[in-house]
Amino acid sequence: MASGRDERPPWRLGRLRLLPPPPLLLLLLLLRSSAQAAHIKKAEATTTTVGGSEAAEGQFDHYYHEAALGEALEAAAAAGPPGLARLFSIGSSVEGRPLWVLRLTAGLGPPPTAAAGLDAAGPLLPGRPQVKLVGNMHGDETVSRQVLVYLARELASGYRRGDPRLVRLLNTTDVYLLPSLNPDGFERAREGDCGLGDSGPPGTSGRDNSRGRDLNRSFPDQFSTGEPPSLDEVPEVRALIDWIRRNKFVLSGNLHGGSVVASYPFDDSPEHKTTGLYSKTSDDEVFRYLAKAYASNHPIMKTGEPHCPGDEDETFKDGITNGAHWYDVEGGMQDYNYVWANCFEITLELSCCKYPPASQLRQEWENNRESLITLIEKVHIGIKGFVKDSVTGSGLENATISVAGINHNITTGRFGDFHRLLVPGTYNLTALSTGYMPLTINNIMVKEGPATEMDFSLRPTVMSVMPGSTEAVTTPGTVAVPNIPPGTPSSHQPIQPKDFHHHHFPDMEIFLRRFANEYPNITRLYSLGKSVESRELYVMEISDNPGVHEPGEPEFKYIGNMHGNEVVGRELLLNLIEYLCKNFGTDPEVTDLVRSTRIHLMPSMNPDGYEKSQEGDSISVVGRNNSNNFDLNRNFPDQFVPITEPTQPETIAVMSWVKAYPFVLSANLHGGSLVVNYPYDDNEQGVATYSKSPDDAVFQQIALSYSKENSQMFQGRPCKDMYLNEYFPHGITNGASWYNVPGGMQDWNYLQTNCFEVTIELGCVKYPFENELPKYWEQNRRSLIQFMKQVHQGVKGFVLDATDGRGILNATLSVAEINHPVTTYKAGDYWRLLVPGTYKITASARGYNPVTKNVTVRSEGAVQVNFTLVRSSADANNESKKGRGHSTSTDDTSDPTSKEFEALIKHLSAENGLEGFMLSSSSDLALYRYHSYKDLSEFLRGLVMNYPHITNLTTLGQSVEYRHIWSLEISNKPNISEPEEPKIRFVAGIHGNAPVGTELLLALAEFLCLNYKRNPVVTQLVDRTRIVIVPSLNPDGRERAQEKDCTSKTGHTNAHGKDLDTDFTSNASQPETKAIIENLIQKQDFSLSIALDGGSVLVTYPYDKPVQTVENKETLKHLASLYANNHPSMHMGQPSCPNNSDENIPGGVMRGAEWHSHLGSMKDYSVTYGHCPEITVYTSCCYFPSAAQLPALWAENKKSLLSMLVEVHKGVHGLVKDKAGKPISKAVIVLNEGIKVYTKEGGYFHVLLAPGVHNINAIADGYQQQHTQVFVHHDAASSVVIVFDTDNRIFGLPRELVVTVSGATMSALILTACIIWCICSIKSNRHKDGFHRLRQHHDEYEDEIRMMSTGSKKSLLSHEFQDETDTEEETLYSSKH
């Protein structure tokens, strides 16, 4: 049976689509249809009929033809109170029939007397979301036409009688019902026609309009390659589009017939594959939610098995389907609503039979009533509010509302109102409007139920009216625009920078802070670290969502002033900052660039060298190098030449920066010539010759994009007075062809990261005089902008997991014949610069099957190509599990609060997610002193007294001098076991002379308690985590240590002089270590441990012992790197401690044995015997810094400590049970190369793992071993349920085989024994002389046997014998004898 969305592909209809059905077949199908109807009625027997009595009894026995439809709608409107309904027409069909719409919402007032058409609909109501339901788009699909009339009567009469649900609905919702979009087709259709085949040529059946056009293929389509469809043949579609454009519909349903399913966008795809291709929107989760809301309330649809004649085997999981996955529909209405309007529309197939007999109408109404009302109610989910002018307070119409991470914007209505449909989660929303500064609100929580309310107040770019000017008059629906004084550039004339002078460091710092303060909605000022002379290495980020990487948005950087005396790049980047900030929101080019790109501008990489340079310098090297006199552009690792000079702080900072962000394109701004220089910069021979990179064509293209906008550079003869013979065709050159530069930054970017970088020489004079600076801006401003635009060339997209649709981190994208792969970022997003052409691109990832696609790249922007990878071992795993129980891996949960928490963890894991949380913390701390043992004890008791419901204080044991080793648990149920919650411990003070860790843990404890129930993030973390804090492991040593003693070892050991970090062995000798081992580590119920120490600034991971294979190195290093990366300086890998100033620790992370090798360490014991990963954090170079440094140390470590609380909720959490559902505790979970954890009470286990694919083996006594694979995400936990089968094996073999073999063996043994017995019996009855022994009484016989056993010849002779024959004489003789 053909569905209502469109005609099925021929393969779906088979012979029914090609030949008229013979009469006998029609009879069989009608009989089958009757049986199907009986099946449906049986399935619905338990459905309660609600509201049916509200309609007149006679309305279910006929269809509404011609004028009867309008009369029925008028009657429905009359069923409600005055001012509730408004009937109007949006236009006419081909044959002139009106396209009626009934509007239902409270407070409409009396209808206008002279209004007609769309004007008769009445005024819009501020803040009230608009919902439309459209029926009978295909004229022969008639159920929708009828049920919308019934719905109208139900809503109106229900409002009149005071039904609370319907009153609330119509008081808050603007509902529009269009029962028939194709009234002409309806009049041609025939009652009882279930749509089993075509009824004639186009235009003669009821499906199409009167001109033979399918209305659901006549809308503009985003994936169409031809001209947009003409609307002349489809006045119905033209009328609908006009109506949609005049309104801001939020939600819509398109009601069809021919199946029973809810379909959602997209309806087609670029490939237009007939079926089976899931075409996902950016709002796929929302659409699935809406479709499920309808289907779950429909008694047939929710089963997912409509059993429609002709498609009996067709099923839809949960009763929903993606449109294109079902079958491709080009030009459909639901996609048009989503792509070209604010409206989220789904398509609803209401019945198998398109035009069922009128006798079935009551049942169809009862089937769909609850679903229809529920769908309308869903317009109130997500986030709603108003966008207003901060000066006038008027609403801003058509302001854009964007959601970070979702590539689909909506716009505000006439009053500035918006309703953004979203599923539960945490979101960052941005409102922007031309002429206003954009505003972003972060961490907006959306919960199940009514929408979260959030208003935006936007500042105009011109903040006040000039004196003497006339203020603009504001009326509803308009935006106030103040009069602009003469000479002010218009929106088509970009504002040029005015600040042209040399900025020394203090001046540059003020400049950057000023623009960061004036334009907070598009800027973020941050530092990469410090130069040798401790000057900040500033970077200004410019983006419409500063501080956040938006998936799919490329990142770009400019670096200036790498050589301190080459200053033009420094000043141009300051000019560029001013230009971008002042023109955002008014200049289309700048606005589009900032909205689509995350831009990072570093004006000075060498601020120390700059301060030594001299204005007017053309050729000298004064100030070129950094303060350690190293050339920074010879200081990067090189592919051809070993760089022996020590890596400089500025170099380390930049390398850490570039590896932390997904940069796509970059330029390094220099001076001394006028040319764009591209990789490679050197070669193996070290001579000046062309050194081509694999992407030579790309580098030439992006280099030309800069040079051709600079006319002097493009000429190719830059410095005639200085270098007479130097010539660069078109102003570009290969680096090594010009001269060899080993250790250059641009080659390192290309070889070690995804970033393509070129070096741009901006002028022959390195440090020009100040009055020449405007000339440099004028020469380079277009080049700077055009070069940034190159970041949007080539190929972009996402690499996704086919199982759950999530992005795959670090997947590899390879281009055939170009030996330079790139990798994906956290959301699976990638960018690959390419010149126009056709390429074969392969996406691959560990644990997945690679996918290759042919891609054509054009010159007009990047082409988007997504890859969906299937996990490589899925089939093998499924095969291996047959007959042996099973395991399932899933990230889904039906618990709304769990979903909400998962969304929170994902948000906090995003870039700057934790920073936003810390800014929102309602309470923070001011550390000002150290705590002695007595103070520490009182502090902990005070926390327990003030927060008794979330804290529990216990002692693990006592030190040598009988001081308690306190343990504080923070949890929502601290005295109740919750094995399903992850457990994390923070420990400090193992060395008493390093008490900074102790103070940081006390601060962490207080921070969590203070913010509990005051900050939603802290509250959820505490509610879902068991946090154990042990602030002082060595209280005796702490009492002896002295403040401000940075190097002393006093207090390093315990009272027995033992370094406790060498005493964690199986025969621990000290009471402190025994207490920790027995009461903390050996409980084996922790998922993560963080130990704080002092003496440097880095993180170490196991093992500390010198010779030890690190089985789970990837995970341990991942955890250590996570702490370091959230620390402002640790990740730079340069502690700069006085006793080791040249120390370089890549990423701030090192294996313990490489840092300080020793045996008996706490973290080694924790990993080996506690099965818990532990990292050691060294918080400061000074063991015992002054108390005045504590606030700074808390600020540095706070984010890292909190990141551990977030991280403990990732990895894999699972449940192990048997087939009966009984949890199995103490099962062994073996991961990858042998890491072991044990299931807790209730069968729960949790283990942290680095992102990627991991193998899991589960072992339990009496059960068969289970194996599965799980994919771990970087921002969420993966769940796995392992179900065991009872182990019926004996000696490793199946029980049945062992029993069979054993039975056969026993039978053989018994048979053999019998045969031997028989043979022996025969032999024993023979005697050599023909006599045998007389038979005696039983007792005598036993005695004789015993005598025989002696083997005595004498006894043998005393026994009588008889021959083998038993004659009568012998018997007589025997009896007488």
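Glycine is treated like the rest: Cβ placed from N, Cα and C.
Not measured: the values here are computed from a predicted model.
If you look up Swiss-Prot, you'll see 1038-1047 marked as compositional bias 'Basic and acidic residues'. Counted with DSSP, the compositional bias 'Basic and acidic residues' (1038-1047) comes out as 3 helix, 0 strand, 7 coil.
Marked as domain 'Peptidase M14 3' by Swiss-Prot on the basis of sequence analysis: 929-1208.
Per Swiss-Prot, the feature N-linked glycosylation site maps to Asn171 (among others). Neighbour list (Asn171 (N-linked glycosylation site), Cβ cut-off 8 Å, at least 6 residues apart, same chain): Ala106, Gly107.
The Cβ of Asn398 (N-linked glycosylation site) has 14 other Cβ atoms within 10 Å, all protein chains considered. DSSP assigns Asn398 (N-linked glycosylation site) to coil, not to a helix or a strand. Here Swiss-Prot flags Asn398 (among others) as N-linked glycosylation site, drawing on experimental evidence.
Sequence-distant contacts (6 or more apart, same chain, Cβ under 8 Å) of Asn409 (N-linked glycosylation site) comprise Thr400, Ile401, Ser402, Val403. Annotation source Swiss-Prot lists N-linked glycosylation site at Asn409 (among others), citing experimental evidence.
Among the features that Swiss-Prot reports, N-linked glycosylation site is placed at Asn428 (among others). Within 10 Å of the C-beta of Asn428 (N-linked glycosylation site) we count 22 further C-beta atoms, all protein chains included.
Cβ environment of Asn625 (N-linked glycosylation site): His563, Gly564, Asn606, Gly609, Asp631, Leu632 lie under 8 Å away, each six or more residues apart in the same chain. Residues annotated as N-linked glycosylation site in Swiss-Prot, with sequence analysis given as evidence: Asn625 (among others).
Applying an 8 A CB threshold to same-chain residues 6+ apart, the list for Asn854 (N-linked glycosylation site) reads Thr838, Tyr839, Lys840, Ile841. What Swiss-Prot lists as N-linked glycosylation site is Asn854 (among others).
Here Swiss-Prot flags Asn866 (among others) as N-linked glycosylation site, drawing on sequence analysis. Cβ neighbours within 10 Å of Asn866 (N-linked glycosylation site), excluding its own Cβ and spanning all shown chains: 16.
Annotated N-linked glycosylation site per Swiss-Prot: Asn878 (among others), in sequence order.
Residues annotated as N-linked glycosylation site in Swiss-Prot, with sequence analysis given as evidence: Asn952 (among others). Here the Cβ of Asn952 (N-linked glycosylation site) has 16 other Cβ atoms within 10 Å, regardless of which shown protein chain they belong to.
A simple way to gauge crowding: the CB of Asn975 (N-linked glycosylation site) has 8 other CB atoms within 10 angstroms, across all the protein chains here. The N-linked glycosylation site feature in Swiss-Prot is assigned to Asn975 (among others).
The N-linked glycosylation site annotation in Swiss-Prot covers Asn1067 (among others) and is backed by sequence analysis. Look at Asn1067 (N-linked glycosylation site): DSSP puts it in coil.
According to DSSP, Asn1139 (N-linked glycosylation site) sits in a coil region rather than a helix or strand. For Asn1139 (among others), the entry in Swiss-Prot reads N-linked glycosylation site.
Reduced to three states, the DSSP call for Cys1314 (S-palmitoyl cysteine) is helix. The S-palmitoyl cysteine annotation in Swiss-Prot covers Cys1314 (among others) and rests on similarity to another entry.
If you take the C-beta of Cys1318 (S-palmitoyl cysteine) and look for same-chain residues 6 or more apart in sequence within under 8 angstroms, you find none. What Swiss-Prot lists as S-palmitoyl cysteine is Cys1318 (among others).
Non-local contacts of Cys1314 (S-palmitoyl cysteine) by the CB criterion (under 8 A, 6+ apart in sequence, same chain) are absent. The recorded positions shown are Asn866, Asn1139, Cys1320; of these, the one with its CA atom nearest the CA of Asn428 (N-linked glycosylation site) is Asn866. Closest in space to Asn866 (N-linked glycosylation site), of the recorded positions given as Asn398, Asn975, Asn1067, Cys1320, is Asn398, taking the CA atom of each residue. Taking the glycosylation sites Asn1067, Asn1139 in turn and counting surrounding C-beta atoms within 10 angstroms, the largest count is reached at Asn1139.
Cα distances from Cys1320 (S-palmitoyl cysteine) to the glycosylation sites Asn398, Asn1067, Asn1139 are smallest for Asn1067. Using a 10 angstroms CA-CA radius around Asn1139 (N-linked glycosylation site), none of the recorded positions in Tyr264, Asn398, Asn952, Asn975, Asn1067 qualify. Packing around Cys1320 (S-palmitoyl cysteine) is summarised by its Cβ count: 10 other Cβ atoms lie within 10 angstroms of its Cβ, all protein chains included. Taking CA atoms as the reference points, Asn952 (N-linked glycosylation site) and Asn975 (N-linked glycosylation site) are 7 Å apart. In the predicted model, residues of the topological domain 'Cytoplasmic' (1318-1377) average a pLDDT of 50.
Tyr264 (phosphotyrosine) has a Cβ environment of 29 other Cβ atoms inside 10 Å. Nearest by CA distance to Asn1067 (N-linked glycosylation site), out of the recorded positions Tyr264, Asn398, Asn975, is Asn975. DSSP classifies Asn428 (N-linked glycosylation site) as strand under the three-state reduction. Between the C-alpha atoms of Tyr264 (phosphotyrosine) and Asn398 (N-linked glycosylation site), the distance comes to 26 Å.
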